[in-house]
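Each remark here refers to the structure printed beneath this line.
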Amino acid sequence: MDQEIYLIGLNHRTASVEVRERFALTDCTVLEQGVVPTGDDISEVVILSTCNRVEIMAVGNGPGVPARVLDCWAAARGQKRSDLEPFVYVHKGIDAVRHLFSVASSLDSMVVGEPQILGQLKDAYRKAVGRNATRVVLNRLLHKAFSVAKRVRTETGVASSAVSISYAAVELAKRIFGEMSQYKAMLIGAGEMAELAATHLLNSGIREIMVANRTFERGLQLARQFKGEAVLFQDLSVRLAEADIIISSTGAHEPIIRARDIKDVLKRRKNRPMFFIDIAVPRDIDPDVNNLDNVYLYDIDDLKEVVEENMAQRRDEAAKARSIVEEEAGNFAKWLKSLDLQPTIVDLLRRSERIAQDELARTLKRLGPVDDATREALQAMLCAIVKKVNHEPITFLKRRFDEEEAGTRYIDITRRMFNLDCDDVPDDAHSDRKHTQQRDDA
C-alpha cells in the first residue's frame, strides 16, 4: 500500500490538563475539513477528543503527514505547531494500529478497563463517516478496533474491577467528607459521566442529588432516575449554595463557574466548605476558585492517586489483554500488506477472463448458431477453468507474500511473467489456437 497509517496525539501522560484543555477539539469539523482536501496527501482521518486525550488517525502519503496534521490541529485552536509539538506522540504503521487497539480496549486509559473510551471512539468514527472522512483502511481499522475491544472484555477480566473517572471522583469525595449521608451533591451536566457519578453517589449514601443541565429535560430525566431534583441552568449560581459536593462534566468551551460567583455562594453558605471536582476538559471550573478559603477544587489529573490504587488488581489481566492486542495488530498488518497484492490478483484474473471470453467468442463464431443453454454451459465451463487455472498461482503468491520479507519481488515476477502491465492481451496469447487450427487444416 502506497499510503501509511499515522496516529498523532497527546494524552494524560504527555500533557497536563491545562495543555489538554488548550488543544481539545470539542468540535472536530474544522480540523477534518482542513486535513482532508480532495486529492491531497491525506485521504482519510478520524479524530478522537476526550477529557484525557486527543488523537488523530490519518491515512496519507509521505513523511510530511504528521506535520500537516499538527499544523491543522494547532490552527484549529488558534495556536502554533511549535506550541503543540512538545506534548505530542506520533505512531506509524503497525505501531499506530497497536496503539489504537490498546486505546479501544481501555489499556491506555487513566483508568484501565473503563468502558467510556470505546463509546467515545465509536462516536468519533460515526462523525468521521458522516463527513465522508473515512475510506477502506480506516473503516476496516476502526471496526477491527471495536472487535478487539470486545474480545479483550470477553476473554480477560481487565474490566471486572475497573473504576471509572466518575467512581474515582466520588471516592475522593468520600475521603474528604467520610460519612456522606449528611451531605448534598450537585451534578453539572447530564451525560454518561454524570450518570455514573450519580450511581456512585447514591451507593455511597449521599443525602440528596441535584442535577443542573443546559437542556432541562435531560437533567430532569437523570434526576428522576436517581430520585433527585433537576435545577434550571440559569439558577445554577443560586442553587450552588445548597450543595456541599459539586461534580461538573459538561462539554462547555469556557468555564461555567468562576471565582467571583463562588465568593457570593460562600457568603450565603456562611463559609461552610465546598468540594468541587471538575472532570471536564476543557475545564468547567476556573482554577482560581481553588484560591478561595473553604473551597477545595480537584481536576481530572488529581484523581490519579485513586486510580493507581486500583491498578494492581488488574495488572495480570492487562497483560493478557495486551497479548490479544499484539495478536490482532499482527493480523491487521497482514491484511494491510495484502492490499499491495490485491491489484496483481485482480489483474491476473481479469487477464485470464479476457482471454477466455475472446476464445469463447471465436469458438461460437466457428460453431454458428447455438441455443442459450449451450452458450450458458460454455460460459460456466470457462469460468470454472479460469478459477481452477489461477487457484494455485494465487495461493502460492499469497503464501509467499505472507511468509517472506521479499513479497514485493513475487509481485514483480508475476506481473512480468503474465505481462499484466500491458493493456491488451498479447497476440501470442492465441498462438496455441493458431497452431491447433493449422494442424486441423493439414
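Don't overthink the numbers, they just go from 1 along the chain as shown.
Positions of Cβ are set from backbone N, Cα and C atoms, glycine also.
In Swiss-Prot this protein carries:
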- T50, C51, N52, R53, S109, E114, P115, Q116, Q120: substrate binding site (BINDING)
- C51: active site, nucleophile (ACT_SITE)
- H99: site 'Important for activity' (SITE)
- G189, A190, G191, E192, M193, A194: NADP(+) binding site (BINDING)
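All features noted in Swiss-Prot, drawn onto the structure.
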{"residue": "T50", "record": "substrate binding site", "DSSP class": "coil"}
{"residue": "H99", "record": "site 'Important for activity'", "DSSP class": "helix"}
{"residue": "S109", "record": "substrate binding site", "DSSP class": "coil"}
{"residue": "P115", "record": "substrate binding site", "DSSP class": "coil"}
{"residue": "Q120", "record": "substrate binding site", "DSSP class": "helix"}
{"residue": "G189", "record": "NADP(+) binding site", "DSSP class": "coil"}
{"residue": "A194", "record": "NADP(+) binding site", "DSSP class": "helix"}
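Here the C-alpha separation of E192 (NADP(+) binding site) and C51 (active site, nucleophile) works out to 13 Å. Taking the mean position of the Cβ atoms of T50, C51, N52, R53, S109, E114, P115, Q116, Q120 as the substrate site, the remaining residues of that chain whose Cβ falls within 8 Å of it are S106, M110, V111, I117, I165. It is 14 Å from the Cα atom of C51 (active site, nucleophile) to that of A194 (NADP(+) binding site). Within 8 Å of the centroid of the Cβ atoms of G189, A190, G191, E192, M193, A194, where the record puts NADP(+), the same chain has further Cβ atoms from L187, E195, L196, A197, L222, S249, T250. Cβ crowding, taken as the number of other Cβ atoms within 10 Å, peaks at G189 among the binding-site residues P115, G189, G191. For A190 (NADP(+) binding site), the same-chain residues that are 6 or more apart in sequence and have a Cβ closer than 8 Å to its Cβ are V211, N213, T215, R218, G219, Q221, L222. Counting other Cβ atoms within 10 Å of each Cβ, the binding-site residues T50, N52, S109, Q120 show the lowest value at Q120. Over all protein chains present, the Cβ of E192 (NADP(+) binding site) has 15 other Cβ atoms lying within 10 Å. The number of other CB atoms found within 10 A of the CB of M193 (NADP(+) binding site), across every protein chain shown, is 22. Between the two most distant C-alpha atoms of the annotated substrate binders (T50, C51, N52, R53, S109, E114, P115, Q116, Q120) there are 15 Å. Closest by Cα distance to A194 (NADP(+) binding site), from the recorded positions N52, H99, S109, is N52. Cα distances from G189 (NADP(+) binding site) to the recorded positions T50, N52, H99, S109 are smallest for T50.
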